[in-house]
Ligand code: S3P
């Protein structure tokens with residue numbers, strides 16, 4: 001489905017209790033990696049539960065443009081015929097990454113060690129995001145980069161084969177930077193090593209191993225050393241993608257703050273490098289229970305039961321930040337409804353996500369009459385102790401700045417608002433959670449969907 005050309009608003013209003021059971025769609029991070037590694041394996045892989053959001057479809061388009069054959073059957077199973085590590089072809093036109101930072105950064109790693117040139121383009125949000133964090137290490141491996149001012153898209157990458165193996169200590173906690181280097185290492189002779197002082201999501205490591213790469217992880221005093229041996233041969237796999245804990249978090253927080261709610265969210269991935277939000281919501285007094293814990297696709301998964309709860313303020317320890325880096329917008333909404341003052345700092349990375357999530361969330365929450373203090377690296381939020389947000393009868397409009405998680409966070413805030421919340425543009429939600437409004441409808445909350453201007 002193509003996007004409407006102009007913004008489409010969405011309005012949410014005070015909701016009756018949410019109830020029922022919903023199934024959360026596939027994890028975005030794992031879906032990107034499943035497509036990339038399948039395209040780099042020799043032969044046909046099958047993927048079930050792939051997230052069919054715009055970001056993941058951008059990755060599929062890029063892998064097709066570089067030679068893989070990718071198809072979907074009518075039951076939703078995806079078939080990827082890979083070309084083998086080293087076998088990628090030079091794309092004939094620029095790779096359009098849309099809004100997807102993960103596609104862009106990981107694929108730059110893939111291209112860096114192939115003897116091809118690729119140009120990456122993206123939407124207005126992606127074109128503002130820093131790519132120097134990727135081009136710096138990959139240049140040390142021999143790839144060449146030429147981008148817009150400030151190392152931004154459009155950016156052309158010329159890979160080098162054979163590339164030079166690298167040992168690199170991550171200067172920021174970023175799974176995208178780590179993964180880009182490991183993916184470049186796949187087609188690089190010798191050992192490429194990433195030193196990770198603060199652990200980030202480990203889906204790349206798990207899946208690379210699953211595809212047969214020679215990858216080892218050592219942990220010394222909490223520092224992770226990840227080594228990959230190139231040039232690797234990847235064997236095709238059957239992958240089952242678990243549900244996305246980041247998407248599930250919007251449903252979970254909605255159930256915690258809408259009085260009387262009682263829901264079950266099925267199929268939630270609970271990899272410890274991703275599940276920080278649930279630990280924090282429980283610490284706030286959230287009634288959250290893990291049911292039927294199991295393993296799906298080499299990742300821990302459970303169904304989670306969530307009931308309306310009286311939330312208390314929280315201080316988030318810095319060590320847990322990377323395991324919930326995408327969940328701060330919705331945690332800010334939970335903090336705004338809690339009792340007491342929440343201190344949410346150490347979040348500098350939020351300023352370079354799809355939008356500046358500290359500034360944009362601060363602006364939206366202030367419009368909802370929440371008292372807060374904006375710091376360089378986070379927010380200090382005075383909770384409303386369960387009282388509704390905003391002013392009576394006064395609808396608030398929030399700008400989502402092409403950021404799906406901002407749009408979804410304020411759509412949830414609208415469910416506990418006095419006068420309703422209008423999001424200026426719901427289109428970005430299609431990047432990661434296309435069934436967002438449909439799942440809320442199943443739980444009994446209907447959003448008003450405005451038409452595009
Ligand atoms: C992702 C890593 C994180 C996260 C993003 C997905 C990934 O980005 O914010 O949504 O799939 O590797 P950073 O590496 O910039 O922290």
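Note that the numbers count up from 1, one per residue, in the order the chain is shown.
Heads up, the Cβ atoms here are built off N, Cα and C, so glycines get one too.
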From candidates 224, 307, 405, TrEMBL puts in the same phosphoenolpyruvate site as 28, 101, 129, 176, 357 the residue 405
Listed in sequence order, the binding-site residues from 28, 326, 405 whose CB sits under 6 Å from ligand 1 are 326
Among the binding-site residues listed as 29, 174, 353, the Cα nearest the Cα of residue 129 (phosphoenolpyruvate binding site) belongs to 353
Of the binding-site residues 174, 326, 353, the one whose Cα sits nearest to the Cα of residue 28 (phosphoenolpyruvate binding site) is 326
Residue 174 (3-phosphoshikimate binding site) sits from residue 405 (phosphoenolpyruvate binding site) (Cα to Cα, rounded, in Å) at a distance of 18
Binding-site residues considered: 28, 353, 357, 405; fewest surrounding Cβ atoms within 10 Å belongs to 353
Taking every pair from 28, 101, 129, 176, 357, 405, which the record gives as binding phosphoenolpyruvate, the longest CA to CA distance in angstrom is 19
